[in-house]
Amino acid sequence: MKLLVATTNEGKYREIKEILSEYGIEVLKPEEKLEVEETGCTFLENAYLKARAYYERYKIPALADDSGLIVEAISPYPGVYSSRFYDIDFGGREEVRTNKDEANIRKLLRLLENTENRKAKFVAFIVVYGGSWGIFAEGEVRGEITKEPRGDRGFGYDPVFVPEGYNKTMAELSPEEKNKISHRGRALRKLVHVLKNCEKAF
């Protein structure tokens with residue numbers, strides 16, 4: 001089976017490819033980036049909007065991921081604004097010095113500076129849309145936010161997120177370790193199970 005991954009985020013694409021290749025699913029990269037306005041109020045809505053847009057452009061079943069971090073002390077933030085948290089009014093805007101991930105992390109740590117409750121969770125919703133059919137799956141991983149970034153692997157908020165049962169941040173884990181426990185990995189494995197039981201998908 002072939003799926004078009006509706007993203008230009010290299011980190012997301014790499015993780016999705018690594019996990020789905022274990023199940024014999026071939027993933028394709030879009031030839032060009034589509035500007036899809038994420039107007040949904042939820043991760044699921046935004047994933048659907050992206051999957052539908054890429055399917056309509058390429059006529060290949062499209063897989064879209066919308067995911068993010070929810071921090072208990074400032075819930076529902078960063079939430080659906082996770083990738084652009086630095087630039088929203090809540091908590092004040094943060095200057096981008098090197099890259100957006102760094103600015104997002106800097107803002108998050110600033111907001112949690114005097115907060116004892118550092119519980120958080122990563123959430124992922126993944127949609128596959130094929131025109132006449134569509135399916136979705138979700139995954140999450142709970143953990144805590146560190147007081148400073150650690151590790152140089154992964155992307156996004158990985159350097160400040162320690163999953164439950166671990167003493168390393170996501171950015172300190174190997175790709176294999178991360179994919180085994182991550183929100184995206186869990187959602188993708190659920191999705192594969194649904195795909196293999198959905199005759200319309202083949």
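Just so it is clear, glycine is given a Cβ too, placed from its N, Cα and C backbone atoms.
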Ask   = To which of SER67, SER75 does Swiss-Prot also attribute binding of substrate at the site defined by THR7, THR8, ASN9, GLU10, GLY11, LYS12, PHE155, GLY156, TYR157, ASP158, LYS178, HIS183, ARG184?
value = SER67
Note = ASP66 (Mg(2+) binding site) sits from ASP158 (substrate binding site) (Cα to Cα, rounded, in Å) at a distance of 16
Ask   = Which three-state DSSP class does ASN9 (substrate binding site) fall into?
value = coil
Inquiry  = Let me make sure I understand the span of the substrate site: among THR7, THR8, ASN9, GLU10, GLY11, LYS12, SER67, PHE155, GLY156, TYR157, ASP158, LYS178, HIS183, ARG184, what is the greatest distance between any two Cα atoms, in Å?
reply    = 21
Inquiry  = Among the binding-site residues GLU37, ASP66, ASP158, which residue has the fewest other Cβ atoms within 10 Å of its own Cβ?
reply    = GLU37
Key: Spatial neighbours, same chain, of THR7 (substrate binding site) - Cβ under 8 Å, 6+ residues apart   = TYR13, ILE16, LYS50, ALA64, ASP65
